[in-house]
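Pulled from TrEMBL, these are the features on record:
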type	residues	note
REGION	1-86	region 'Domain I, interacts with DnaA modulators'
REGION	111-327	region 'Domain III, AAA+ region'
DOMAIN	144-267	domain 'AAA+ ATPase'
BINDING	155, 157, 158, 159	ATP binding site
REGION	328-449	region 'Domain IV, binds dsDNA'
DOMAIN	355-424	domain 'Chromosomal replication initiator DnaA C-terminal'
Ligand code: ADP
Ligand code: MG
């Protein structure tokens, strides 16, 4: 295996372990420049990235390198400015992996990624209701189900289905204006429109849309201004017979801090859920992905994957990608034992459940404070901030009630919990560093068993 191939294999695995945004930010333009007596030297385009990578990702990099080449015992980082290189350090990923984070194909006008279609969407009893409703919407936009509200757990195909609706409508009705976006994007548009005093502008842009698709609408919970703007936009579109499609991780009534009037609007259309795929469907999905990726995998391995990954189609795909990469790099398929090792990260964490304790431990560790500080009455900045972040994570990840959060953090009042959660959500809109930190903490929480 050449060092280029090795690094590609490492990246393919790292990509699976961290969020796409982090991956793109930190691992772009990195490569192995040298490998010598057990030491690998990784080049990184600037000092800032070097610091970040060596602080936050060193363990992951070393572990992954070692799992692929057990000679490697040490990793060093070196800043090599891309401009000074003789040869541009672009990583070429196997085509299949590229699809995951490449944003180039996304149409700037409507934010749709052409890779999500109905043709490559596998239908089983777990998602047939949502699928049928989606198709009905495409046949007669705004006339059958309006809004269409799809809900289901993480990685079960909500985004795929919503984007497929957009792509299909554009194909059928090229003159229709379709717009896809996440509710977080909508929120940030509202915030910047308020700041720049051009809310009228925002209103009129949204009112010209024929099909508005908003993904992960649950995140507008607790954001009053955004909810208000969305409420008016929704009504305007609905009155003009324009289609609205929404997704969420839970049904409307279960979204706390969602205004009553919005909730009842959401419930006024069609609500369809996506449940968990059964074994046969998981196999069908794997086979579909293999076809797409033009790979050839031993059916035994597929069965192993399908019987062990049950709750998340993204993970199913991630596992498959790891096997494909291994095959490419080693020129032979892994045996069952090797497969088990390769997929250990994904499979051997059956209890992906997180607990209040895990959040507290990880936040404390991340900010290097004592767990007891969370419960104390300390008003020191170094403590207050992590405490607010921990409260925010209780709310986001455990969906805890505010009184519960208040009690858990040193018998504080529920209003303190509300204040903390709102403060952090607001700051997240504009503070990328905080976003990065919370992302990292979440990875730790979900990773540590
Ligand atoms: P969610 O938005 O619910 O978190 P996604 O739509 O992002 O999930 O799906 C995660 C991955 O699984 C995507 O790569 C998607 O293409 C794939 N996927 C989900 N459902 C299906 C399906 N029914 N058939 C084929 N692929 C699917
Ligand atoms: Mg999604």
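Just so it is clear, glycine is given a Cβ too, placed from its N, Cα and C backbone atoms.
Note that the structure is predicted; figures quoted are calculated from it, not measured.
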*Within 8 Å of the Cβ centre of 155, 157, 158, 159, which other residues of the chain have their Cβ, at the recorded ATP site?*
152, 154, 156, 160, 161, 247, 274, 313, 314
*Would you mind checking how many other C-beta atoms are within 10 angstroms of the C-beta on residue 155 (ATP binding site)?*
17
*Inside 10 Å of the Cβ of residue 158 (ATP binding site), count up the other Cβ atoms and send me the figure.*
22
*Please check each of the binding-site residues 155, 157, 158, 159 and report the ones with a CB atom less than 6 Å from an atom of ligand 2, ordered along the sequence.*
158, 159
*Using a Cβ-Cβ cut-off under 8 angstroms and a sequence gap of six or more, which residues of the chain neighbour residue 157 (ATP binding site)?*
121, 127, 274, 313
*Run through the region 'Domain IV, binds dsDNA' (328-449) and tell me, per DSSP, how many residues are helix, strand and coil.*
89 helix, 0 strand, 33 coil
*Counting only residues 6+ apart in the same chain, whose Cβ is under 8 Å from the Cβ of residue 159 (ATP binding site)?*
116, 215, 247
*What is the average pLDDT across the region 'Domain IV, binds dsDNA' (328-449)?*
88
